[in-house]
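Chemist: Pulled these from TrEMBL:
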{"type": "TRANSMEM", "residues": "A:12-30", "note": "transmembrane segment"}
{"type": "TRANSMEM", "residues": "A:50-74", "note": "transmembrane segment"}
{"type": "TRANSMEM", "residues": "A:86-105", "note": "transmembrane segment"}
{"type": "TRANSMEM", "residues": "A:129-147", "note": "transmembrane segment"}
{"type": "TRANSMEM", "residues": "A:168-186", "note": "transmembrane segment"}
{"type": "TRANSMEM", "residues": "A:192-209", "note": "transmembrane segment"}
{"type": "TRANSMEM", "residues": "A:216-235", "note": "transmembrane segment"}
{"type": "TRANSMEM", "residues": "A:241-262", "note": "transmembrane segment"}
Amino acid sequence: MFELEFMRNAYFAGTLIAIVSGMMGVFVIARDMPFMAHTLSEIGFAGASFAVFIGWLPLNGMLAFTTVSSVLVGELSGSVQSRREAVISAISGLFIGMGILFLSLSSKNSSYATSILFGSVIGISHHEVIQMTFLSGVILLILLMIYRNLKDDSFDSVGANTNHIHRSLISIVFLVMLAFSVSVAAQIVGSLLIFVLLTLPAASAKYYVHTVAKMMGLAVGFALFGVWVGLYLGYLTNWPVTFFIATIEAVIYALALVFNAVRKTSL
Amino acid sequence: MSETLISVENLSLSFPNHPVLTNLSFKVNRGEFLGVIGENGVGKTTLVRIILNQLRPSSGEVRLKDGLKIGYVPQFRNVDIEFPLSIKDFIALNFTGIKLPWLSKKEKARIKKVIELVGLTDIANRPLGLASGGEKQKAYLGQALVNDPDLLILDESTASLDPNTKQELLDVVLRLNKQLGLTILFVSHDMQLIHKYPDHYLWLRKGKYTTGAMSDLHNENQEGQYV
């Protein structure tokens, strides 16, 4: 399997994606933002189709669209939690519409749309792998820098109010990091299913371990397991890798819920 | 004469068409255990928010001692049953700042010490979401203590607890006050607790207030104005 260059690229990229998604996912769950992660994925689709339309690499279009829209969501929803979901719906609707428009305007055929939406293992070039490595490095570096404040703001927003943390800045920085993560992760799982890696591993990990560091570690583990096994099964069967990854992560989450229910009855 | 930590002078705050605090003056000295009492809506939490610099008064001023470190236990917390962090990791959240992500030896030692102070050593690794109401309040107290404050503000920390648990929590607070000399500002509408624990009081009523040593409150109470 590894004698094929695209499989080597896919495994390398998949590993990066799993590490970034697992770590970021812990904060996506703590900040109650799975819907935002899902929306950014859809916006990523619009960005990729825009890129195809004007002849960029899809990754660059995704980066541009997701970054701009994440800042927009942060600014428009402000501190009003209940408004956030409606703002997200408005922005995501607008962007998906644009994505469909750009795809129909560009001359590429529908199989290109399929690979943006559902991911593609074969599509990852050496150049994209380098760009993904760079982006992942940036995300992890920022994460390490703001780790303590992000942790406080995400897990104890009430307490963070009195800790002299610039909460709105943290919120915008986090959204931009999330936009980067979505664009990176979309390369393999596709824009429709990125949120699977950004939510389920972290949502499962929180039932087993109880420190932020351990949750990040376990979430990365769950994501890696899904991506590695998914790629292998995809290679064996020629079925879509995304299907395997989504199924594996869903099963891991279901098992975590069962574990939690059993623990509750034994307490 | 002990050192003054907070000095409030002629403080007033009005929301549109609705005065909340009128011409309030009092001091909090080091080592004091001050009970702030009053019915719901008289401005107790508003006063706390002004002291914490989260709200600006309409007039008057609040002077804090230079470099005063305040530990604050808020009234409401968004911790549900699925809250995943252990009590220990929750307490560590208050070590904020743009610093190395992992805790230093000194910080770890402080967390251990604080967990002992609030009496949670046995369950320090249990998820906070699965802790009882009293254990949660102790964890919040521990988090507020972790940066070694001069003054601790508790806003209705006992409101949701049963009588025994209230006493247990306040015994911990009293020990912090008597043994470690920590200054306490305890906000509550619970007259019984206010009689039992603080050594001074500040009683807020609509548009007026009284303040003094606890013995004065006993006299004032015999006039039967507030039960």
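Each residue, glycine too, has its Cβ placed from N, Cα and C.
All annotation found in TrEMBL is predicted automatically rather than curated by experts.
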Chemist: Which of A:50-74, A:129-147, A:216-235, A:241-262 has the most Cβ pairs closer than 8 Å to the transmembrane segment (A:12-30)?
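Modeler: The listed stretch sharing the most Cβ pairs with the transmembrane segment (A:12-30) is A:216-235.
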Chemist: Applying the under-8 angstroms CB criterion, which one of A:50-74, A:168-186, A:241-262 scores highest with the transmembrane segment (A:216-235)?
Modeler: A:241-262
Chemist: Test of understanding: applying the rule of at least three C-beta pairs under 8 Å (pairs 6 or more apart in sequence), is the transmembrane segment (A:241-262) touching the transmembrane segment (A:50-74)?
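Modeler: Output no: the transmembrane segment (A:50-74) is apart from the transmembrane segment (A:241-262).
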